[in-house]
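J.: The following block contains the structure, expressed as structure tokens.
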Amino acid sequence: MRRRPDPTARARRPGRGRPPRRPEVPPTALRGLLAGLLSGGLTLGVGTLLASFVTRSADPVLGVGQEFIARTPEWLKEWAIRQFGQSDKAVLLGSLYATLVVLFAVVGLVAVRWLRAALVLVAVLGAAAIGATAHRPDATALSWVPSTVGTLAGAAALVLLVRAVRRGAAGGRGTRSLSRRSVLFGAVAGTAAVTAGAGTVVNRSHSVAATRAGIRLPAPASPAAALPAGVDPTEGITPYVTSAKDFYRVDTALSVPQVDVSTWSLRIHGMVEREVTVTFEDLLGEDLHERWMTMTCVSNEVGGNLAGNARWLGVPLTTLLDRAGIADGADMLFSTSVDGFTVSTPLAEATDGRDSMIAIGMDGEPLTDVHGFPARMIVPGLYGFVSACKWITDVEVTRFDAKTAYWTDRGWAPQAPIKTATRIDVPASFAKVASGRTVPVAGVAWAQTRGISRVEVSVDDGEWVEATLVPTVNPSTWVQWTYAWDGAEPGNHTVRARATDGTGQLQTQDVVKPIPDGSSGWPSKFFTVT
């Protein structure tokens, strides 16, 4: 008798009617990936630990990061500053570590099948780190050691881990094989963690925090003027005094230099009658001047916040230069920081009677590490990249046609006086303001060494109306200004501002990007009256 086909048989066939299973990642590949990550971690841990005994810039990650900064196109640097502000270095380091994680994972995946090829990749990465650290401007004779030893340690760990993975794959999942492999992986992970942690601890022991806390700055021979009455007149306006923690920071240092004041010195040489070298103790013993001065970064966009006002304490620059004796023909001061960064400053502006100084104090305290401890140069009226060398250790009196500084080599102007600028703080962008009351408009303006004589405000492209200036202490500081707009109608509005400097020169309306010598244009804010 012929059997009828079972109508459910098709549905009962293996695999039929069920979604296809996702392919599993082979255990060997996962262990290879882990081997790459652990060996890479050991490389970085050993490098960090050894660098803590050599010099901070010899750290493999910092060395590569500094090289990246040096080779980054200017448009990308400006974009990073605009997008991330003072967090740009943290973002760079985070991105660098993320990239290394991916690279180490790739090395591990390659190693389980082609160990020699993976070791070639390790050698290439190591060579890049060695080259970056050994050729830093502040490199020592041993700067190559941390990256070299770290690379060798990581390569050795990779070989051991990959061989253990291969043995496990060939011999099955025996308990003894698994135990040995686990011990080996754990040992490498532990060593990586211990070396990285120890390196971090040693680096923290080099911090200047304790040294700063023990420094007592002498009273200035020439104290700063008292704060004028009426500062900070409107809620939301930029404070007249910028605290050290709020003061902008723009530099190329991924790791803030921790300078030992007991060995630090400042050398003045070049086109001088006699070379002069001063220690930190020497500076403390000089007649110190204290002055209010506003500093501005050339990267500041129109309406940007890369400006700050503080009370600086230091030795007049002319005191030290006169002691050295400037030779005829010199027109530039070429300053170098402890990390090799260089700044070119026009000699004429540095010595024309403005309050140029080698600063050692800020707002009554020693400089913080991020702001240049133990000493920095300040020349009011010039953008920071041509005047404000932090962690300064060398000043060569020379000529512009003989040497070029870090930023000049990258397309920025060799000389850059600060342009007249103003900023609107109140109302904030896209703020909502209640109708039926006066709308406060306020901000700050600056034109260092020339001063500000007038600030004008225009609402909705109407007539320009003069704002009220808050008294300031000297022409080298910014000026706060306020304006009360009466009769505001509900709706969207735009306010603009412009400043006139102490010579009667109106701030230019021409919109210019920061490179090569500073931005320009009139700031504006959009807000809504509800």
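Backbone N, Cα and C define each Cβ position, glycine as well.
The region 'Disordered' feature in TrEMBL is assigned to 1-25. Per TrEMBL, compositional bias 'Basic residues' is recorded for 10-20. Residues or ranges marked as transmembrane segment by TrEMBL: 28-54, 90-110, 117-135, 141-162, 183-202. Taken from TrEMBL, the feature domain 'Oxidoreductase molybdopterin-binding' covers 254-404.
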J.: Which listed stretch (28-54, 117-135, 183-202) has the most C-beta pairs under 8 A with the transmembrane segment (141-162)?
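T.: Between the candidates 28-54, 117-135, 183-202, the best contact partner of the transmembrane segment (141-162) is 28-54.
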J.: Take the C-beta pairs under 8 A between the transmembrane segment (28-54) and each of 90-110, 117-135, 183-202. Which stretch has the highest count?
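T.: Answer, by Cβ pair count: 183-202.
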J.: How does the model score the domain 'Oxidoreductase molybdopterin-binding' (254-404) in terms of mean pLDDT?
T.: 97
J.: Restricting to the same chain and to residues at least six past its boundaries, which positions have a Cβ under 8 Å from a Cβ of the transmembrane segment (117-135)?
T.: 36, 39, 43, 47, 51, 57-60, 62-64, 66-67, 103, 106-108, 110-111, 143-144, 146-148, 150-152, 154-155, 158-159, 162
J.: Hey, which bits of the same chain come close to the transmembrane segment (183-202), Cβ under 8 Å, at least six residues off its ends?
T.: 34-35, 38-39, 41-42, 44-46, 48-53, 59, 157, 160-161, 164
